[in-house]
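Before any comments, here is the structure.
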Amino acid sequence: MLVGIEFATGLLGLFLAFPLLAMMRSRPANGWLGLFILSISLLSLAFAVYRRMPQLFGLFDWPLAAVGAFFYCYVRSLAGLGNSRRQLWHFLPLGLFVAALAYGRCRLSGVAILELLLGGATPLFGMLLLGFQLLAGCYAVAALWRLGQYRRRLRDRYSSVERRDLQWLSWLSMSFIALLLLWIPANLFGGIWALLLILGRLLVLYFVGWFGLRQTAVFLAPIGQAKPVLTEQAIGSDATTLASAETSAILAADDIMPSALEPSPDQKYARSGMTAAASQLIGERLARWGSHERGFLDADIRLVDVSKSIGTSPQLLSQYLNDILGSSFFDYINGLRVAHVQQLMRDRANDGRTLLELAFESGFNSKSTFNTSFKKINGLAPSSWRRQYAGRCAPIGQDVATGVSEQTCG
């Protein structure tokens, strides 16, 4: 029965892998996902095939040396890092392993190789398998690290990250690690452990089929990638120079070219040209944007949208938020939204409306983000704050560091 389930798992993987591989030229991320699924499929088919045709031993084992690298490159593609020729070194173990297999097959039959690896006092096959499992585990951990980097960059560019945070890919990474851990007792003891490994592979394939086939890459260009243009902006009687991004810098998220590694804080704004006058002007315009234009009510407002509205570059705006306000774009915009929700809750006309209605009206598109942001800023859950402060006037001139002055009285 185990052999039949394992064989069916392998066939399912092949059914998923080949259409993805066919799209590798137009959508590179799908190609890497296809190679990852193909690796799982071949490893699932290996035992069933070798049991009937031991002379083929070794032909289905090459994915052992590359399954982790394929997964890591898939994560890099989705996170907008791309995979240039510099990433080829990740496949050095694969090249060495394939060369060793080819050399062995030239000198010995598949049955002889099988006896050499599994027989004798030195369990060579077990040592190789453990080494490749550790290598794949390192790649899975590296993928989690890259995803953490990606989410930090995401918060500097977007006010809503729910559809872009690739949280499912973190769960897939942890599932991959769990599979690698199951692989050890499955090879040593078989039985229930082998069944759990097969079911785990089947679950991963289903998981990938549900999420991975629908996921497109969310490319993040480095902030300030476009060369800034200096323009004169007159405020009152003074002319202040403020960097303004070229129109080409205002790109839709899905149209931005894949980014390089995120620079360090010192490198990130090294050539920004930020001055004290520019910083003051950005602060004034940002406050007016928040209090009068209220662009934060747009649920999907982006850093490039706000920078265009106030006449500066994404790089300078990001630097102002990070260095002057000590905030990410995500936190800043959601702070404005929280202030707006508070303003609505103080108005007795909204007593009959739910918190979720007020949150959506204020620009939130996720209940979890609303609750987390509200509690982070106020130290209270929205419902608790509403019970204590609904209908009360906000202190005169109160500014919650978001540019919205609350003056509503019940």
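Backbone N, Cα and C atoms are what each Cβ position is placed from, and that goes for glycine too.
Database features (TrEMBL):
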type: TRANSMEM; residues: 6-24; note: transmembrane segment
type: TRANSMEM; residues: 31-50; note: transmembrane segment
type: TRANSMEM; residues: 56-75; note: transmembrane segment
type: TRANSMEM; residues: 87-104; note: transmembrane segment
type: TRANSMEM; residues: 124-147; note: transmembrane segment
type: TRANSMEM; residues: 168-186; note: transmembrane segment
type: TRANSMEM; residues: 192-213; note: transmembrane segment
type: DOMAIN; residues: 276-388; note: domain 'HTH araC/xylS-type'
Exercise. Given the transmembrane segment (124-147), which of the listed stretches 6-24, 87-104, 168-186 has the most Cβ pairs that are under 8 Å apart from it?
Worked result: 168-186
Seminar exercise, completed: Other same-chain positions with a Cβ less than 8 Å from the transmembrane segment (31-50) and lying at least 6 residues past its termini are 3, 6-7, 9-14, 16-21, 23-25, 56-57, 60-64, 66-67, 70-71, 73-74, 77, 83, 110, 114, 198, 201, 204-205, 208, 212
Seminar exercise, completed: Per the Cβ under 8 Å criterion, with at least 6 residues separating them from its ends, the transmembrane segment (56-75) contacts 29, 32-33, 35-36, 38-40, 42-43, 45-46, 49-50, 83, 87, 90-91, 93-94, 96-98, 101, 104-105, 110-111, 113-114, 128-129, 132, 135-140, 142-143, 146-147, 169, 173, 176
Exercise. Tell me, what is the mean pLDDT of the domain 'HTH araC/xylS-type' (276-388)?
Worked result: 91
